[in-house]
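Database features (TrEMBL):
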DOMAIN    509-559  domain 'Cationic amino acid transporter C-terminal'
TRANSMEM  71-92  transmembrane segment
TRANSMEM  104-126  transmembrane segment
TRANSMEM  200-217  transmembrane segment
TRANSMEM  265-285  transmembrane segment
TRANSMEM  297-323  transmembrane segment
TRANSMEM  343-366  transmembrane segment
TRANSMEM  399-417  transmembrane segment
TRANSMEM  423-442  transmembrane segment
TRANSMEM  454-473  transmembrane segment
TRANSMEM  479-500  transmembrane segment
TRANSMEM  512-532  transmembrane segment
TRANSMEM  538-560  transmembrane segment
Amino acid sequence: MGGDGGVRRRGCTFRRKDFFPEESFRSWGNYARSVMETPWRLKDRILTRSEDQTELVEMKARSSHEMKKTLTWWDLMWFGVGAVIGSGIFVLTGLEANKVVGPAVVLSYVVSGVSALFSVFCYTEFAVEIPVAGGSFAYLRVELGDFVAFIAAGNILLEYVIGGAAVARSWTSYFATLCGKHPDDFRIIVHNMNPDYGHLDPISIGVLIAITILAVYSTKGSSIFNFIASIFHLLVIAFIIIAGLTKANTDNYTPFAPFGVRGVFKASAVLFFAYVGFDAVSTMAEETKNPARDIPIGLVGSMVITTLAYCLLAVTLCLMQNYKDIDKDAPYSVAFSAVGMDWAKYIVAFGALKGMTTVLLVNAVGQARYLTHIARTHMMPPWFALVDERTGTPMNATISMLAATAMIAFFTDLQILSNLLSISTLFIFMLVAVALLVRRYYSTGETTKENQVKLIVCLVLIVGSSCGISAYWAISDGWVGYAVSVPLWILGTGGLWLFVPQAKQPKLWGVPLVPWLPSLSIAINIFLLGSIDKESFIRFGIWTGILLVYYALLGLHASYDTAKGFETQKSSVDVDKKLNKVEKGELSLTAVSND
């Protein structure tokens, strides 16, 4: 084993030490002692926060090799466009317009887009300041500690697996349209299974295998492919808008919101799925040539393009066809057939396939980098952190994540996937906004005890009032709850603005209107969570419970041993440096002893 936290430097093996090299797993006796120390270890991991420098230097060193810095703002912007456009608009627009919101689906996209843009600002500041592959996991580890970061990490991985599975299944739907068939013609129907899980999809597996090969081969190569495919995709989108509006019928916009305001926000919660790709772009910060310039332009630019495209496409669809008649599997292709432009459905289907292919590609690149950084901390086995010397890509993580995605895609229905995905995404985005407020208003050794208490009170008011607004929206049509919760949110945010001094300013790029914009991001994300169905929360709770069991039995002890090992190693290096200075006469031995 190398001195890099248990990651092998050459080859790909499957020995126990490649997965659990830590002291706690050397013998059953060691493991038993570690389990007995679980309460103390858990307290340590909850209270311990990482540092920027640790994530930027020490964590990266655990991957054996550096990732290649080949990306510019142009690459990031097109990665963002490729990651986002294709999943939501071609997958869920028809389903939500038909069943949940009607023509007002355009407003749902606006609400989701505004919420996503606020989250983009928070992600951008972190990505510029901490440009590593870990994305939100690294940001939360620095500001909220290891334990919160792990819970978020598990949901990040779930988000990527489910998102990829949903798009892979939709790829089959549009491929079927291109071939003039029904999606189930390409699926294996198991009649004695629950229909939510019994439509087996082998085509999705083949698509994911092809994506895996490209993602493993080269990040820059993936970028070039993504750029070409995204340009073609935007041309198809322009065709849909222009050709579709020539068949517009304004009568289809009546009634505009048949399911009311509640339908608009309920659809917004699910359609947030359409914007999740941008967080994958933040994981590419480690491979970006100039993070301070490239990340803000790439992330914000892609979000503006995406939101505008979504709104125009949603308007076009609902003008072409009455919301009751919109097809949930391939809405745009069927809409063109319905207005007498049957030939156009093949262009739409081909464009949708291109779009979903780029979504899967960026998804594959992003999820592998998340898993790589999580494995660098040993919360997941360090085998996943290996960066291949030849390709400069995290091969083990890429293959493993896409194998998990393929298993889910093979069995599970799209509706189940999209609701569960939105919960994980909104939860993580909310945590990142909280972490940004902590970053700005708290600094170890500088923030006074009084200001720490004020910060905690304000954060509790912001999160608590946001939960109150969300819960009241879910259970009541009245206004009394808002009259209580909204002033509390204003009190919490205003109190932070007026009475708690900022402890840290961003060095390169910062979120504007702090604390109001991050606080609003927290409120909107929690509010949208209140619009998701109970069954999805039950599945979310089960997954979180599984994460906690894994953490208590394995992740906690592996990450604790690794952290303590590196602390000891760091202290030893510091002592050696001081003794060298003593030998050179630059420092007295008394000073070393006092330290």
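Every residue gets a Cβ built from N, Cα and C, even glycine.
A TrEMBL annotation is a machine prediction, not a hand-curated record.
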- Which range out of 104-126, 200-217, 297-323, 479-500 gives the transmembrane segment (343-366) the most CB pairs under 8 Å? 200-217
- Grouping DSSP H, G, I as helix and E, B as strand, the residues of the domain 'Cationic amino acid transporter C-terminal' (509-559) number 40 helix, 0 strand, 11 coil
- Item | Other parts of the chain folded back onto the transmembrane segment (104-126), taken as Cβ under 8 Å at six or more residues beyond its ends | 93, 96-97, 135-136, 138-139, 256-257, 259, 263-265, 267-268, 271-272, 274-275, 278-279, 282, 295-296, 299-300, 303, 306-307, 310-311, 314-315, 317-318, 323, 429, 432-433, 435-436, 439, 506, 509-512, 517-518, 520-521, 524-525, 528
- Query: So what pLDDT does the domain 'Cationic amino acid transporter C-terminal' (509-559) average out to?
  - Reply: 87
- So which of 200-217, 297-323, 423-442 is most in touch with the transmembrane segment (479-500), counting Cβ pairs under 8 Å? 423-442
